[in-house]
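Note sheet for the following structure.
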Amino acid sequence: MSDRIFGGIGLILALFYGWQAAIIQESFLTDTVGPKMFPFIIAAMMGLSSVYFLLKPDPEPHWPRAGRLAEIGLAALVLAAYAELLPVAGFLISTAIAAAYLTWRLGSGLIESLIIGVGTSVGIYVIFRLVLGLSLARGPFGF
Amino acid sequence: MELLSSLADGFAVALTWQNIGLALLGCFLGTIMGALPGLGPSNGVAILIPLAFTLGLGATPSLILLTSVYYGAMYGGRISSILLNIPGDEPAMMTCLDGYPMAQQGRAGEALALSGVASFVGAFFATWGLVFLAPQLVKVALLFGPAEYFALFALAFATLGGISSTNQAKSAFAAALGLGLAMIGVDTQTGVPRFTFGEVHLYDGIDFLVAIVGLFALSEVFIFLEHRGTDRDISDKPRMKIGKIIPSWKLIRYCTPTMLRTTGLGFLAGVLPGAGASLGSFISYSMEKRLVDRKGTFGKGDPRGVAAPEAGNNAAAGGALVPMLALGVPGSGTTAVLLAVLLALNITPGPLLFSQNPDVVWGLIAALFIGNIMLLAMNIPMVGLFTRVLMVPPRILMPIVAMVSFVGIYGISGSSFDLLVMVGFGVMGWVLRKLDVPLVPVILGTLLGNEMEVNFRRAVNISNGDYWTLVGSPLAITLWAIAIAGFVLPILVGGVIRKRMRMPKDNEGAVTD
């Protein structure tokens, strides 16, 4: 079933891609092939393979239970929030929070997670900012 | 002789303190990354590219650092195969078969030392192979026009799934996805925006480094979250006693014929498109088993069963660099990632690389020789240190991997938008891996997409819109024929090979070479 759903999504994606390719605004200066042809070929390839998944799906993969799925979704959200937080709160604080969250979800104890989070953040800061001189995100406090 | 003088020039480039230091660092990090299950050569190199880039390293030093990581990871994979019976990366899968039984018999140190020597033999001779074969291939490649290049790219995609691929339609889908992503941004030839939906951030296209780090490194974090507390959690496996780690001459002599034979075989597997290091170690092991296993000791801790796959996979790693350097078309995951390094540094890979940037090519090759000797030195006396690294539990390691990935990408662009795109790729990578869709064609598509389109359009433009020009020369037809054969063959014979390779294997095909 998963493969069928995947094939369906792939087919929609291919059609959408083809449609987006068709509405590309061509400039008056164009070569004989133009900017649309290659995307059309790609859309066709994607569509054909999607049809294949619809017709001949592989055996069902082993999906995690709903709880674990939520876990992965939440981790992705935390990482996205981290990306947004970086320029606002600075590297040290946001990284400590994100790393603590990840290690907690991967099975560290609560207190231990906080220590690992801060340790990871400070460790990366020392190696990459102080030793190697890379520019990391600066927050209101300058770190 | 000309080759040898080029090589000597290469040594002159490589033998600076900075480059030697980088090679040492790369070998060390690579061995650790190879040894840790969950971090293989491709994601190890992927995490480090943005860093090398933001540190402002030049082309040769960056390549030296990253290929040392590549070679190092090939060495390191065996450590966890032998001690934990879990391959540290996919090519080290076959080493489990005899390595772990040897460790159980209390001969772990011997197995580690022998496999270290075998890795050295494989990698050393393969690097010589690279020296001699790559310039020959360059001569052929200089005959290529745009139509032939287009066919060559198609060949790379068609064979990338490899002989052991499960579902060719999924490889095709992955390739289309990657190529499709590459099209995003302003068209290089006519200047019109494509698939940007008016979003200014997308006008430059999607940075392939963002895609690579997201797909390889972040998706690994999600896989670990998924498997926490299950039997794939290695944190609570029993530790092995190592024993003595100096290999006896007798043992090495006993295994020498095996090592030499499998080096040749592995190198070939590496050069050929669609084979790669995993298949190299697999055929090496199977061939040796056929040839020398008269008493049925293979699989029960035969030292030759440790030497064969290790020499094979390290030779294949060297072999895989041949098409990457000479043609600009990688045949495996990690070489695809290495290609990204070249592209990120604005160096056009392919035959012209040898004439335009000989310092880069020969400096790199010389660094490989140096790195190899360092790796041998590191891997025999210091193997105890690396086994201690295996004790770092994933719950600490994986957050570090994630955070370092963010640091690298943020260092390049300094924009949150790219980080969000990277998280998106991480999730996509996880879903694709669950669905058994290979990630390497996606990467290769984003890397080569524009180049492939340029050649396609150039070929057709030259012939005034005649599409038949794409199959207009014998060379192009040959390339297309190989491409089609490479795509169809796995469907016909793949099942048999897959069944045999399946024995010790992780399901997600996580850490490819």
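Any Cβ shown, glycine's included, is placed from N, Cα and C.
Quick look at what TrEMBL lists:
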type: DOMAIN; residues: B:21-444; note: domain 'DUF112'
type: TRANSMEM; residues: B:20-39; note: transmembrane segment
type: TRANSMEM; residues: B:46-71; note: transmembrane segment
type: TRANSMEM; residues: B:111-133; note: transmembrane segment
type: TRANSMEM; residues: B:140-163; note: transmembrane segment
type: TRANSMEM; residues: B:169-186; note: transmembrane segment
type: TRANSMEM; residues: B:206-225; note: transmembrane segment
type: TRANSMEM; residues: B:265-285; note: transmembrane segment
type: TRANSMEM; residues: B:325-348; note: transmembrane segment
type: TRANSMEM; residues: B:360-386; note: transmembrane segment
type: TRANSMEM; residues: B:398-431; note: transmembrane segment
type: TRANSMEM; residues: B:477-497; note: transmembrane segment
Annotated stretches the transmembrane segment (B:265-285) and the transmembrane segment (B:206-225) touching (3 or more Cβ pairs under 8 Å): no
Long-range Cβ neighbours of the transmembrane segment (B:398-431) (under 8 Å; 6 or more residues past either end): 38-39, 43, 47-51, 53-54, 201, 206-207, 209-211, 213-224, 226, 439
Interface check, the transmembrane segment (B:206-225) with the transmembrane segment (B:140-163), three or more C-beta pairs under 8 A: no
Feature contact check the transmembrane segment (B:169-186) with the transmembrane segment (B:360-386), CB under 8 Å, 3 or more pairs: no
Interface-richest range of B:20-39, B:46-71, B:325-348, B:477-497 toward the transmembrane segment (B:140-163), CB pairs under 8 Å: B:477-497
Spatial neighbours of the transmembrane segment (B:46-71) far in sequence, C-beta under 8 Å, 6+ residues away: 13-14, 18-19, 22-27, 29-30, 33, 123, 209, 212-213, 216-217, 314, 317, 321, 334, 337-338, 340-342, 344-345, 347, 357, 359-360, 363-364, 367-368, 371-372, 374-375, 401, 404-405, 407-409, 411-412
Mean of the pLDDT scores, which run from 0 to 100, over the domain 'DUF112' (B:21-444): 84
